[in-house]
Amino acid sequence: MSAIPTPQEIKKSAVLRTLIDDLLAEQKTLQTPVARFAEIHDREPDLAAHYRNLIPLTAPEPGEQYAFEVSLDRCTSCKSCVAACHSLNGLDDDEAWRDIGTLVGGRQEPAWQQTVTTACHHCADPGCMTGCPVGAYEKDKENGIVRHLDDQCIGCSYCLLKCPYDVPKYSKKRGIVRKCDMCHGRLAAGEAPACVQACPTGAIRIVKRKVSEIVDEGIAGKGFLAGAPTPKVTKPSTRYVGRPVPTTAKPADQETLTLQHAHLPLVLMLTLTQAGLGLLIAAAFLHHTAVAITGAGVFFTGMAASILHLGRPLGAWRFFLGLRTSWLSREILAFSMVAPLAMLIPALPWLSPYIPEKFAGLAQQFIGTLAPTLAILSVISVFTSVMIYVDTHRPTWRISITGTRFFGTLAVFSALGLAASSPSFLTLAVAGLAIIAKLVPESRFLRDNADPDDPWTPDAHVARLMRLRVMAPLLNGRFTGALAALFMLMISPWISIALMLVAELLERAMFFSTVYSPKMPGNISKSTRH
């Protein structure tokens, strides 16, 4: 136990303490103006008092998620949000995760205009996530933010087709897709996203919304922005507030005629795989080696072309991660199952002599099952291809159109394969009827059946795109080639196969180029209009 200092000892220590000791002690607590400013700056970011009113101060509760709230009355189309997003995220020169568009009044309404800022809506049921074949998207269970995992992406771009709001953007330089992640790192640190912090009028906020409310509004088709794609598909969480938007409002660029990406590798893949399977089915039933070899060559050329569509093809082996929700994963699985048969059937004439006699009977039974098995797997494979595009919910890719085209190609080349394997009046007539049946539904898109009171519809939009001068070579080549194939049946089915293959490639190119692609409102463009 230490002794209590005596008065003499206290007096002695006070005498020994000098002025220098006092100054050194004071220096330890001294703060210059610069030091005080640095301490305040480190404690909270600039403009914290301004933008902390624009973000929630607490994390979402269970059953809630973060969402953008946009005040239409405050948006001035200054594009500060676009510039801030671009700068903070280090985007490429031609890349943007936030856009500014315009809504205008209907034809019978008084003049009306509204600027709209849009980014990812972090949907309750995100189409990009359910469509991704390799699980490159995740929806955070704690805050509902839909994030893209760059290291998982293979650059297939299917999410671009699945998103009805044109949110994901493909980066050619990186070979992957990227998108808005609501600056989740900044939110976690109590800072506002770039767009929120940059808006001079406070038009963009981050709010917490109940997921059940988002889903209910999406199912009912309410609570979103008039003139934007329907919220029924993905249930977007963004809330637009302010003056009511007339139900007749439409995007300023709705009537702009813009051709979409042609996706040449997909044109080759879809056409050649369907044509090749059709020829293989005919060859398998009629045991015609030349048709089988031709069909296999066409089929595997299409399979090879599909790889060219991927930005990172070496990661495609992870397709099984999306089998539960993605039709693209199911298509890969289906074609992986049919590919061995496509190799085996042309090789049978050379493999048969090497089959031991004691297995000859079993081999014959197995060979007898190849044709029906191939036909069933081919139908399943083409069906998965159909559903890939039907599942995008684009009106001009609905199942009646896409199914007719894809299965029509399979049927036409099956009939042409029959005609080439066993030429007769019956097989030639069947092939001719198949070609005609394929052309008739396609010709309806050449007619513009728009309502005079509402002249814009997705089908009318496609019809006008197909009649553009730039599309004339494809359109003329498609129908001329098909009709030439029809008449050449009387001379040689093989010539008809070649002509029809070219015609189908042109048809599939128009399938992609002239599709109506829904998106958030854009701006008036100088492009060709209706």
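One is the number of the first residue shown, and numbering goes on along the chain from there.
Placed from the backbone N, Cα and C atoms, the Cβ positions cover glycine too.
As recorded in TrEMBL, the features of this protein are as follows:
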type	residues	note
DOMAIN	66-96	domain '4Fe-4S ferredoxin-type'
DOMAIN	144-173	domain '4Fe-4S ferredoxin-type'
TRANSMEM	266-286	transmembrane segment
TRANSMEM	292-311	transmembrane segment
TRANSMEM	332-351	transmembrane segment
TRANSMEM	371-390	transmembrane segment
TRANSMEM	410-437	transmembrane segment
TRANSMEM	479-503	transmembrane segment
- Query: Counting by DSSP, what is the helix, strand and coil composition of the domain '4Fe-4S ferredoxin-type' (66-96)?
  - Reply: 9 helix, 6 strand, 16 coil
- When you scan the chain for residues with a C-beta under 8 Å from the transmembrane segment (332-351), skipping those not six or more beyond its ends, what do you find? 133, 273, 276-277, 280, 283-284, 289, 292-293, 295-296, 299-300, 303, 316, 319-320, 323, 367, 370, 373-374, 377-378, 380-381, 384
- Go through the chain and flag residues at least 6 beyond the ends of the domain '4Fe-4S ferredoxin-type' (144-173) whose CB is under 8 A from any CB in it; none is fine as an answer. 60, 64-67, 92, 95-97, 118-124, 126-138, 179-182, 184, 211, 228-230, 233-234, 236-237, 309-313, 315-316, 318, 326, 328, 388-389, 391-394, 517-520
- Is the domain '4Fe-4S ferredoxin-type' (66-96) packed against any residues at least 6 beyond its ends, judged by a Cβ distance under 8 Å, and which are they? 56, 60, 102, 114-117, 119, 121-122, 143-145, 169, 171, 173, 178, 180, 182-183, 187, 194-209, 214, 237-243, 245
- For the domain '4Fe-4S ferredoxin-type' (144-173), the DSSP helix/strand/coil residue counts are 5 helix, 6 strand, 19 coil
- Query: What mean pLDDT score does the domain '4Fe-4S ferredoxin-type' (144-173) have in the model?
  - Reply: 94
